[in-house]
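Listed in TrEMBL:
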type     : residues : note
DOMAIN   : 437-653  : domain 'Histidine kinase'
DOMAIN   : 716-832  : domain 'Response regulatory'
DOMAIN   : 874-1042 : domain 'Histidine kinase'
MOD_RES  : 765      : 4-aspartylphosphate
TRANSMEM : 213-234  : transmembrane segment
TRANSMEM : 241-257  : transmembrane segment
TRANSMEM : 277-295  : transmembrane segment
TRANSMEM : 307-327  : transmembrane segment
TRANSMEM : 333-351  : transmembrane segment
TRANSMEM : 363-383  : transmembrane segment
């Protein structure tokens, strides 16, 4: 923070604190009142006494080394002459003691004249008299603190606040006598604090207000101290919070032992301990303040300086606790300096820290300013002898500033923690997504590797050597193990995203266990290990998803085999209270208690060399799948004594009804066991049957021959995948289907191919480098609607959000991988039919448009022919010829083709304009601007609807007519066609929607149809520029590479 700004803020803050205190002084100031003079105070004519108490500071009579009251009686005459001293002040000050420096006791006297009509019950509040006192009014003792005496052996020191009351029954004089003795405090003695006087009810009210202010301040302080402690224990255990709370506690104690001194009124400590508590509180406050700001100190102060101060504080504590009160008073200056060192150091250090580092330190600086301001005012009021009602707000503000700093730090740390937590959660999700993506990408090639290795093994088993056979067998084993890991990753992702739906039914546990054991026998090869199914055939059926139960047992048995070297791995079960309790027991290496506690957490493995493979997901997945079934799972183990994993499933029937249904189901299992076990094994190892399984091995090892030219009627399909093997699979699937497959290995290449030909369907993989399938689909959708060019996405992720993202990008459909050939063919067939239907509709719509030659157009033309036959037969013959050409071109079958020569379109336009000009004469002017040698193919009926629109809606809509300009030019590799008129123009509001009319609307169908066909074939449509009253220009452009583009 800039230095000037910081100084400005500090000064403004200090002025505000000072202003608030001055206002407080003014608000609670006592109205001007008489003061004691020569021991007399006359209040008889001071009316505010009924509403205000006063302090009786002034000249009192003082009798040193003398007690006036003897045997509770005030003598009628006093031989000694009194001294007149200012009260409050210590009688040991040289100015007051004169030749009597060793006074140890004495008597104060003040005669107060009052008006009995204003009240008769009066009170005196004595906050502090050093070090013992007795109060007499009119010779009657009304209060005391300690026991004053004329010698040290007889007196008892006690300095606590008290209030004395007296009821004036007769007369109008209150003769106040206070006898004081002090033999302990060598620095001061006598009345050292202002005495408050007033009517009893008024004095009680003022005392209560002052006490309430102290209580309010203490409660406010303690709240801050408590939340400091709470934040320490619930937060990051920053010791500065405890130092802060300790400092606030010292402020509370200081408030209670000074000012109104409520602590000593509540708890009557003896004189010595009251002094010790005061000084201990002072030193502790300084110590805690220094520790609170220690981290902001320069290095040498933070280390050496702090250590010296701590040692000094310890020495001071010991001296206060061990020394008597008289000696403590002699060392008071040392104690005050020790306390003030942190108080003076804090604002300087915090000012520099705020300048050089964090702006948050300004809260600490303001707190220090408020605290120092409170101390300065305390000394100012003391030396100026100004009485003030307790003012706690400086320290409350200081505490709030300290609290603001800690709260801001706390919330900053909470915010940082939230950001870190969010970042960690995002990283965790990215990690899961990455592993899922890797698993998806690995599953297809792994399937191919296993199939090829199995194929080679079967084909060459009679010719290959033993070593080669074992190598292939090892390859298959490794592939299956890798399949376990991939399936675990995918299942964990599904479980986390709640995408697993259980298909529960009545399942034979014995049959499932036997099948799984058969499937996993290969894992025991090379080990003296036996897999055992100890579940009885008659065991009751359980309610479970069969595939998920197989998965649970596979994972548990695989884990048991992995960590066992010999012995038996057994599956056991027993029925109990409607539940099947299923256990997988092994005699492996076991686990200690620490590993056992976290074994079901994802990515957790035993710290053992044998655990080097896998991700540590199997047991976590098992537990979550069991819980999805409503059961529980637990493990028990001891090192080197094996492990037992136990889970529960609900029984379909009670244990007493087990035999019938279980045996019946077992019989069914045996009937289809061999075929079904093969399917189960495929599911367990993660190898779903995909379309590539039907592709011959030679197709993968030899490049395909060039495709022959497509036959008429074939649908043109663009397949996009960054993996050439997947493209080969697609070509094989559709080899016998009426499709021509064009392949691309990137989104960029696919877009380039779309510019060259018109396709009926795009099949794209989602996960591709550089441009994903989603992005490619969005780029396609910017040019083609969902019906003009369907897109089919192939995705390995079947999560809802992945599918939704595809549809949002504009995909028509999706197929999950591994693909099923029948499903893929069905989806492709549906989508290509959709595209052909849309193409046919557009072509027929254009042909229908031209075929709808309006009756009035024919009628008007025949009328013109009839008229010309009478006046100009030559013009009539020319008009008949142009009408014949117009009708012939309008019903030409080329109008239903994909494209037609430019000459065909221009001939139709010329005939149309000739007929119109013969009818309307000079109202219609035509300008041709067509460059020679432009040979292009364009969609039929593209220019004629534009000319007709310009003539009918632009020129002939006004009586004066106008001019139509047909311009066809070539610039570089682009041919531009424009039709302009200087007619009535189009309103801006209508212009924005003119191309978005429904295709079945009669008005504007020509422009709408033309725009749609241009966008479909060339990627861009019509451009319309118009100004009302000035005319309209409709244009479109064709890149030279598109000029002859067709679909077939």
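FYI, residue positions are counted from 1 along the chain as it appears here.
Placement of Cβ uses the backbone N, Cα and C atoms for every residue, glycine included.
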Of the listed stretches (241-257, 277-295, 363-383), which one yields the highest count of Cβ-Cβ distances below 8 Å with the transmembrane segment (333-351)?
-> 277-295
With the cut-off at Cβ under 8 Å and a gap of six or more residues from its ends, the chain residues touching the transmembrane segment (277-295) are 239-240, 243-244, 246-247, 250-251, 253-254, 257-258, 263, 269, 302, 306, 309-310, 313, 316-317, 320-321, 328, 332, 335-336, 338-343, 345-346, 349-350, 364, 368, 371, 402
Residues in the domain 'Response regulatory' (716-832) per DSSP class, helix first, strand next, coil last, are 51 helix, 25 strand, 41 coil
So which residues does the transmembrane segment (307-327) touch in its own chain, when a touch means Cβ under 8 Å and the partner is 6 or more beyond its ends?
-> 157, 184-186, 271-272, 275-276, 279-280, 283, 286-287, 290, 334-335, 338, 341-342
